[in-house]
Every structure is written in C-alpha cells, then in structure tokens.
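According to TrEMBL, the features are:
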- 258-271: compositional bias 'Low complexity' (COMPBIAS)
- 69-180: domain 'TFIID subunit TAF5 NTD2' (DOMAIN)
- 256-287: region 'Disordered' (REGION)
- 400-441: repeat 'WD' (REPEAT)
- 448-479: repeat 'WD' (REPEAT)
- 490-531: repeat 'WD' (REPEAT)
- 532-573: repeat 'WD' (REPEAT)
- 574-611: repeat 'WD' (REPEAT)
Amino acid sequence: MTAGGKDGELDHMVLTYLQERGFTESAAKLRDEAQVPTLPALTEQLRRSVRSVVGSGLLFHSPEAVCSLDRCFRKLRSWVDGALEQYRCELAAVLYPIFVRSYLELVHRELPDDAADFMEAHRADFGDSVPELTALAAVRTPQQVADSEIARTYWTGSFELKMSAYSFELLVAFVQAEQLLPFLQLLNGEHFTVVITRRAPPLDSTEFGAGAPDDGRGMHTAARIFGRVEAVNAQQATLGPLEELQLEHDAIRAEQSGAASADAPAAAAAGRAKRAPAKRARDAGGGGGAAVGAAGLAAARSRIPLPAWSRAVEEQLVLDALHRVPLSDVQLPSCCLATLLNARDSVNCAAFSNDVATLASGHADSTILLSSLRRLREQQQFTAAGGTLAPDEPPAVRTLVGHSGPVFALSFSRDDRFVLSASQDGSARLWSTSDSAKLAGGSCLVCYRGHGFPVWDVAFSPLGYYFATASHDSTARLWATDKLSPLRIFVGHLSGVHCVRFHPNSNYLLTGSSDSSLRLWDVSSGSCVRLLCGHTGAVTAVALSADGRYAASGSEDATVRLWDLGSGKEVCAYKGHTGAVWSVTFSHDEPGGGLLASGGADSAVRLWDFNAPPPLPAEGVDRRPPGCVGEYFTRSTPVLCTAFTRRNLLLAAGPYAGR
C-alpha cells in the first residue's frame, strides 16, 4: 500500500467506519487483507526507525543533510497539497511547526546561511503576512534564539497538534515510506505532541482545534500553539457599564422627567444619595460594583481616578439617547460621506467631532486641517449668492502646524474642546479647537513624547482626561492630559501596534497589531486580560460595542471579525470587503440591537448585523456577502473613517482618488 495513494486512504476510511460501528470482525479481516497497520504499531515502528536509522543531532550537520532537509520539506508539502480534501486540513497543520522547528535546528547548529536559504525558499508557503516569520528570519545565531521571545518560545516549547487517528496514520506511513529522516526525528522528539482524537477530520479549517486560519495551511501564532490564549482569556474582567456614569445619567433623567412635578427635588436628592456611596467606595479603593447594566453585565466601578464631568455635556448625552433612532437589519441608518478633494496623496486620517460640527484631517505634510462643516456650508452658500466675506470672518478651515512628520491619527475629547494627534515624529499633541484667542484656538497646548518610533494611533478616553497611543515600537501607552510622562506602558505584542481604543467603562484598553492579534489590557494593572487571535493579516482597526460586550476588528486580510470579550472567542468573521479594512464602528443602541459598520480600501461602507449569525447566501436573490445588511458604494473614495453620531447617523470620510 502506498501511504499517499487514494486506495490506501479509502482503506483507512472504510476501516475506521467499521470500527466506529462495532464491526470488529469485518475490520480485522479488512486490515489483514489490505495490510493496514494499527496505530500503536505505526507509532512503535516510527520510534524504532528513528532510533535505528537516525542518531540525535546527525541530520543537520552536512551540506547533503541540509539539501535533504529542503527536499524532504518540498516532498511533504506536495503530498499534503495532493491529499484528499477530508484530510488536507489536519495534515496541513503539521507543515508550519515542522518548518519552524527545522529552521531553528539549523540556526542552533550554527548554519546561518543554510537557515536563511531554507527560510527564503519556503516562507512564501505560509504567507508573507505571518509576522512571526519576519521575527524568526532575523534570528541567525543561538544567542539570538535565547534573546528573542518568539524564537525562545518555539525552541523550548512543545507543539501540540490535534489530529484524528486516520490522519495521523497516513502521516506516519508517508514519512516512513518516503524515508523523510529529518522529520522522523522531529516528530519523535520531545517538542512534538500529537493528540489523537476519535472524531472525523474537519472539512473546514475554522473547525480545526489548533486554530488554523482560512487558507488551510495550518499557520498558527505562537500563543495559540502553546496554549497561552486559553490561559490569558480565563482571567476575570468586569465589562459592564461604568457605575458612576450610569448613576449620574439616571439622576439627570430623573430630574428631567420630574421637572414639571413636585417630586423633582426628591428625585435629584435620591440620585445624589445613590452616587455618594459609589464615590466613597471609590475613594476608599472599593472593588467592583453590584449594579447590573442593561446588557446583564455587572456595572464596573472605575479603578482609576475619574475626571470631573461637565453637567451640560452629560445632559446633552442623555438628550441624544432619548432622540436616538434604533437600528436593525430592517431599519438602516442614513449615511453621509465627506469627500476630501485635491487630497488624494496627502490625507492619512480623518475624524469627526462628537457634535458633528467639525471634521479633522491629518496630512502627509505634517499639518492638521480643522474644517467647520456648518461654517463651510454657510460661507459657500454666501459666496455663491454673490456675497463677499468680511476680512475678520473666522475661516471655515483652520490649519494646525506643529508636527515634524506625517499625521496618522486624530481623536476628539468628550466635550469636543480638544483634539489629539499622532505622528511619525514619535509624538502626540493636544490642540485646542476653540476659536477664542484667549483659549489659544488652533494652537498646540502640549506635546507628549515617549515613543521612539512612529505613533500610528491615538484615542481619547470616553470620559476625557486620559488617552492612549499605539506605536511602531510594539507598545501602547496610557497618558493623562496634564502629565508629560505615560502612566502605563503595555508590552506584549510581537510587532507594531496599529490601533487602540478604550472600553466604554475606561477600565480597559483594546489594541490591534501587525502580529495579527488583538489584546485587551487592564489600565489599572497593565496586564493583558484577553488575547484574540484569528486574523491572517495586520489588524488595522478596532472598535467596542456601546454595552462593552463585543469587540470588532478590521484587517489587511479584508475581513471584519466580531469577538465576545467575555469568553475571548471569535463570534463571526464577515467577508465582503475586497481590500484592507481601515475603519470599524458600532452604532449606539441598546443590547440586542444595533449594527456594525466598516469601511476600507475598496471604497465601500458595509453594514453588518452582529446580533444574528450570518445567513447562507441566497442564490440569485441577494448578492451581498453573508451577514451584510447594507452597502454604500462611493465613486472613488477610499474610506478612512466611519462613525455613528450619538443619534445613529452614519458618517464616513475619505479622499477622492479619481483621476
């Protein structure tokens, strides 16, 4: 029997079927006639072959052995690609661990040139977007293996691969039949553990227990291979709404609803009385609150000092919530697209103020433009009617100058009085948006330096005062507007951090990185409490739902993924974009409702119903991707920014890229 032949695979399938159905006599006769060895016999035969033919450490010393290693890997890869679809997914999971371990063996044997040739010859098989290969390719000496976290993890850890019994039988039989000696030693070594399961092989790579991505090649992150994801995600996290803010809004609602009744003073006093214990508990360092939010999650008390709230801003927020339009798959939002003309090669980012009065854009020439949308429209109408603007008329567009490199991100404060910017020059700057000269309108108030590399993103806390930055130096940092040094430095990503957002209760920080993972950080302790793996490209956008239960991410792999922060598991992967996804945002809705919007390089905005599983595509009826409930196409405007207003109007912005 040829292990890679179709007849042998068919024998294994029939044999397994007979065993599972209890036809032991028929299975024994088939095994004798087809000469199909049992799994224990195959395993023991593999061990004897390794001990008798291959001595430990002899496979990687000579040039002939290195060439043999390259030929063996090509042969194994070709066999996996030609295997039946039923087995291909599980068998493909072996390729990446064997490739990485073989590369590190060459490095450890002090064969840097051979290791580099082996890496360059085969890394394309696993996609250039795998960030670990970039990190591993820089490791050329045993000392660098010890110094690199990812290389050290691969070298000292044990690969755990889950395979069905008949897939493992096929693998062992093929390796023996083809005399792939280097891999005989690796599979029999202490760094490979194969867990045999009695289930049928999965037909879809997403069902595979080791977490292979969509291409079926078996590419894993180091954290997933060594089981660290489950350990991180088992930590407790309080994801409910902020209790102090919830009580404040309840008091405002009570005062507003009782303004015309004699009970208004009593309602206000009751609201203040409810807030007092929470404040005392916070000041005394109390733990989490017991109140329950609308999502059924326990309300969270802040573990960091809270800024003073503006009464006017909070009253406006409550008013916006009362007039908010609920969204669903049958009630879609209106969408307004702001197209920036004559800015095709210069605009890097855009952001709307919370009151939708201002659009900020960051440019490659290191400037920031603040466009007053209302004033811009009024002045255009006035000049179109033949009017002439007065010399002292405030400009509709103001230019902010201060950075010494391209501006990559912008974020408005809760009250829209300030805007933060992030730049290639490694700094973040705080600007005033006021027109008043007394408040230094349009000038830089503070420059925050700490990152040694470009800062890709910046985000204000939902409560103001605090903000976070994400940088190419693989870290995210927490800042306060009145301090020049960071309060926390979050370290753990294997590559640059592209995006950052605060959790609605401000106790956590969500980051996305070019290492294809997302991390949720506790801002109080600085520890990572959730590690979300699933993307096969750099994560370029993240967002959190209004109730704090879900996170969404967009990636260069053209997918939008929804995550359950409570369990740390992926809920759904939405596939519909044809280019990188640059922005994702949730609508402001009660739990159980709302939509998710995304935009990107394909010049389209798409709406996803994240409260229901994506249905199967309907043939000949709806050409939209599964789960997509709405699409807005631009003529030629890549979408840099999407945002829902507090009343659920959908906004988008981008530069016109037409010729």
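The backbone N, Cα and C atoms fix where each Cβ goes, and this holds for glycine too.
Automatic, uncurated: that is what TrEMBL annotation is.
Counting residues 6+ beyond its ends, the repeat 'WD' (448-479) has Cβ neighbours under 8 Å at 242, 245, 304, 306-307, 309, 405, 408-415, 418, 420-430, 485-491, 493-502, 504, 506, 509, 511, 513, 521, 523 in the same chain. According to DSSP, the repeat 'WD' (490-531) comprises 0 helix, 24 strand, 18 coil.
Sequence-distant neighbours of the repeat 'WD' (574-611) (same chain, 6+ residues past either end, Cβ-Cβ under 8 Å): 294-296, 321, 324, 326-329, 332-333, 335, 337, 537, 540-547, 549-550, 552-556, 558-562, 624-644, 646-648, 650, 652, 654, 657. Within the repeat 'WD' (400-441), the DSSP-based counts of helix, strand and coil residues read 3 helix, 20 strand, 19 coil.
Per-class residue totals from DSSP over the repeat 'WD' (532-573), listed helix then strand then coil: 0 helix, 25 strand, 17 coil.
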